[in-house]
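One structure is given here, and the rest of the page talks about it.
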Amino acid sequence: MVAKEEDNLTAEVKTLKDKWALVPAFLQVRGLVKQHIASFDYFINEDIKNVLRANERITSDANPSFYVKYLDIRVGTPSSEEGFTQLNEKISPHECRLRDMTYSAPIQVDIEYTRGNQRVLRNGLVIGRMPIMLRCSKCVLKDMNEEELARVQECPYDPGGYFIIRGSEKVVLIQEQLSKNRIMIGRNSKKELQCEVLSSTSDRKSKTYVISKKQRYYLKHNQLSDDVPIAIIFKAMGFESDYDIVSAVGLEEKFVAAMAPSIEECSAHQIITQESALQFIASKATNSFVESVKMRKFGTGGGGALPPKEHEAIDFLSNLMVCHIPGYDGNMKMKAVYVGLMVRRLMQAEMGDAECDDRDFYGNKRLELAGSLMGLLFEDVFKRFNSELKRIADNSLGKTLAAPLDIVKHMRQDLITNALVNALATGNWIIKRFRMERHGVTQVLSRLSYISVLGMMTRINSTFEKTRKVSGPRSLQPSQWGMLCPSDTPEGESCGLVKNLALISHITTDSDERPVIRLLYNSGVEDIQSLHFSLVHSPEYHLVFLNGAIVGVTIDPQRIVSTIRAVRRNGLLSEFVSVSTNAALRSVYIASDGGRLCRPYIIVTDGKPRITQHDIDELKKGHRIFEDFVDEGLIEYLDVNEMNDAFIAVYENQINADTTHLEIEPFTLLGVCAGLIPYPHHNQSPRNTYQCAMGKQAMGTIGYNQQKRIDSLMYLLVYPQRPLVKSKTIEFCNFEKLPAGQNAIIAVMSYSGYDIEDALVLNKASLDRGTAKKYPNQTFDRLMGPTVEATTRKPIYKHQVLDQEGIVFAGARIRSKQACVVMINKHMPIVSLEASAVAQSSGMIQAGNRSVEYKDVSISYRSPVPSYAERVLLTYNEDDAHLIKVVLRQTRRPELGDKFSSRHGQKGVCGLIAQQEDMPFNDLGMCPDMIMNPHGYPSRMTVGKLMELLSGKNAVLSGRFHYGTAFAGDQVADVCEELAARGFNYLGKDMLTSGITGQQLSAYIYFGPIYYQKLKHMVLDKMHARSRGPRAVLTRQPTEGRARDGGLRLGEMERDCLIAYGASMLLMERLMVSSDEFHVDVCSQCGLLGYKGWCQKCRCSRTMATIKIPYACKLLFQELQSMNIVPKINLTSCNKAPSIAARLFSIMWKSGYNEAKGNPKKQGKPSTVK
């Protein structure tokens, strides 16, 4: 029997065909954008009810019989409130985009409250409006098919997961945070070891530290003015003897010896009883904490035996110190065990028995999604809403003769609505209760291309400061394997801090702890309350943690682990509950909290994957879905901590007796943007990173509804094409349906000198046929105010594209500086008063005494190239203000300086557009669309681009798409043999003939199709020059920036270069004559600036001279004078000749003598600015 089992393990494992079919099945139910939607659904269906239950009752101090009780809360369906009529009509997301409205739904509550002596029930009361995430359970697009989506003008491939706030699309970025309620050993700013716990509950957040100073241990907290000796903390929690204190840390000899100085310190403070310990802690409490206890009137109720000082200490121990551990009814045993464990871990780290925790380990991180962030915000604003109602009730019920209070009339809808909308609109998340202030939480969804949308939805934002040059948080951690994309991160200061999710990673939401706790106690976990402290840290016991809190201890940790995994695989426990062990710390960790990254793996038992080929075939036929594999225990989710306990094989042939799991597909280690690259495993690593950034800037298609959208700026490619060499990721994320690029025929050769440094030579005939032609669409919109009649006196050519209403008509060709949108009211009325002095002093304005003039504030078109008015939209927004939007279209051909890029991070600008007659051609008469310099390959090492050309060439000849999927794809040898079989060169090279000389080129040329992207950077948008123009008011220098028609900056380096050349007159002309030349009067006697030929200090005009200096220099002198620093100009030659006395004085002043009054005296020379 044993021999048979050994034969099974040594037998070759069959490779599962089409195992990749599990990936699209997973993406239909989880991953990518689905986690945003799942998180928001959890918030509006579950979390919002928990917030209501925690704040369900409002009472009044003025009248104890008054109350408001919330019975239920729910979020309705999206609707619009039209102006002041408050008509609720169903609305679609597309209409909200066009009309600059917020896509939101009413928040309805059922309440019970008292009105006078009556008890009143109200159902469906609206207390505010909740912005709705697209494609969530409340969205009108939920479960719509492609035909229904087309009816409401939505693209079926739009992923959703974002909000529409005042017409603009906002996405809540995934926020990376350190895990809460976990013991972390690390070093502080002074490089000293410390134990830290960041506790977080629904009510409060607090940090508790255990630190070591002079071989003594202290507890540190921000509500304590000084560190408290740890032995005093144990005394305050009811420990009577020193033996009990030591047993809470451990009775091993080394721990007893380490605790001895701390116990001696406790005796030195003469702390013997619990009361004296409490009084000692209370004496260290901060004033703010004491005030908060007084405000809650703690200790004024039942009993009142303890003095207030001791109440403060008990409140600190119960509610603030490691607040996630319960300490109810004075039972501090769980807290004592936890604090004892913190001291023990710190001692182990000091003794070298345990290492410091890695804060960058991804198992110690949690990701916050839109649902949890919105939950925090809603809870904060709901508490404010209730406190406002309580304040109104206290004020009204305190009056004796007031009418019965109907609290419903005082419920303001705008309080909750504005708080939620403004947070999403600005990205500023400010929650005063937790002293939480974050900026940049939301961003405008980038619609440059379809891939830029997906890339933004999977982006993870770190709260780490980007200016700090620290390598730890930026480096690629081994724990990020399979969870985060190793390639997709920006360059510059955000490198490594802004990350992206891998293709099939999933972020968990909170699941119920109660089933897990029941299972643990049924599996042999003993409750700590029934054990003595000395047994907790005994060698045979292992501590069991659930979400950072101690549940109990167990003798058999492997039984706990195997039981939880078995129950989870049978579907009796949430599939996202994870269990892991740490043998060194004798602990079992179980997690069911939200924000953990996990990914699915195929389970391997006895050296064989549980999934068979039959299962895969059933999935491809549509008879099964991904969830069936999870429910049947064939696939399970592992988070980062549990992955440490697993042996995972990447391929079937790597499975051995120890293997526990198998990767679904290796290409899923990459994210969406990196998955578009063909053969990325053959490229140098930074090239893939560059492509991830440039793929988001590529022009293409943004959706099927792109012609219906009115975005402020939209780039569209005229003829987008599917790539000939694709990957599995391209199929799964629908890039084939909404591509961004074209397959161009490339010749890798040197052609003239216009292709150095990655510049490209383009074929003019290809451009004539539409290669890389694009439409940049720009939108002008302007709100209408009250309509006023006015008559224009402008020349007629500026208004020739306007209709009778003063709006440009669709199809009009608009030349530069023509008025684009001129509403009648855009002649703004300016009222000038001609009232009498009496009327003005009394503040009255008479109608007959005013005259109205009109100022033209029309919107003018300023682009240097003509545009066409493609569409004009006249509508109104939710405030009933009229809205006019005009979409302008330009058709642009590629020109010199436009930027292109392949999918391998090799970007270049167009250096030359050559005539087709001058381009080389092969024996089929085919000319390349682009010529690329071969010197771009050796240093970049983009072998994947060479392989793409071979596969693309074969794809054209065979009539089928080729695959360049990461870690897989078509093999180069097979592609080359197929090329040779079709009569082409084995290596993809062609013999080309020069179009200029007509002779064959002396070398074989690498020739074939490569997918090229046209990037948004165009020379027409960057080109800028100026001869004259506006100047800044303050410095009188030319303004800065292309948008302000600014000048070109001559910086310090350019100045140094001109000095090195000796071009002093050019320097004078650039920096003064053509910038801010200014004539200023200077006194040659005192060196100070004068005014209109008069020196204020010398009180004369004879010594004044006029010089030319930059105006900014004059401004600097005056600003220095305001700081009591007096710069003086020493004039050596003047425009205005000074008198003989002035010359004599100047000579004497320079030599350092003062003879103005006939008494020579040696004097130090004053500091001057020459």
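Any Cβ shown, glycine's included, is placed from N, Cα and C.
Sequence annotations record features per position, and here TrEMBL assigns domain 'RNA polymerase beta subunit protrusion' to 31-402.
Taken from TrEMBL, the feature domain 'RNA polymerase Rpb2' covers 180-368 (among others).
Helix, strand and coil residue tallies for the domain 'RNA polymerase Rpb2' (443-507), in that order: 14 helix, 12 strand, 39 coil [DSSP]. The domain 'RNA polymerase Rpb2' annotation in TrEMBL covers 443-507 (among others).
The feature domain 'RNA polymerase Rpb2' is assigned by TrEMBL to 544-604 (among others).
In the domain 'RNA polymerase Rpb2' (626-658), helix, strand and coil residues by DSSP number 13 helix, 7 strand, 13 coil. Per TrEMBL, the feature domain 'RNA polymerase Rpb2' maps to 626-658 (among others).
Positions annotated as domain 'DNA-directed RNA polymerase subunit 2 hybrid-binding' by TrEMBL: 673-1044.
According to TrEMBL, the feature domain 'RNA polymerase Rpb2' maps to 1046-1130 (among others).
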Recorded stretch that, among 31-402, 443-507, 544-604, 626-658, has the most CB pairs under 8 Å to the domain 'DNA-directed RNA polymerase subunit 2 hybrid-binding' (673-1044): 443-507
Long-range Cβ neighbours of the domain 'RNA polymerase Rpb2' (626-658) (under 8 Å; 6 or more residues past either end): 9, 12-16, 22, 25-26, 28-30, 361-363, 479, 481-483, 506, 508, 561, 565, 568-571, 575-576, 578-581, 589, 591, 596-604, 607-611, 615, 619, 664, 666
Considering the domain 'RNA polymerase Rpb2' (443-507), which listed stretch of 31-402, 544-604, 1046-1130 counts the most C-beta pairs under 8 Å: 31-402
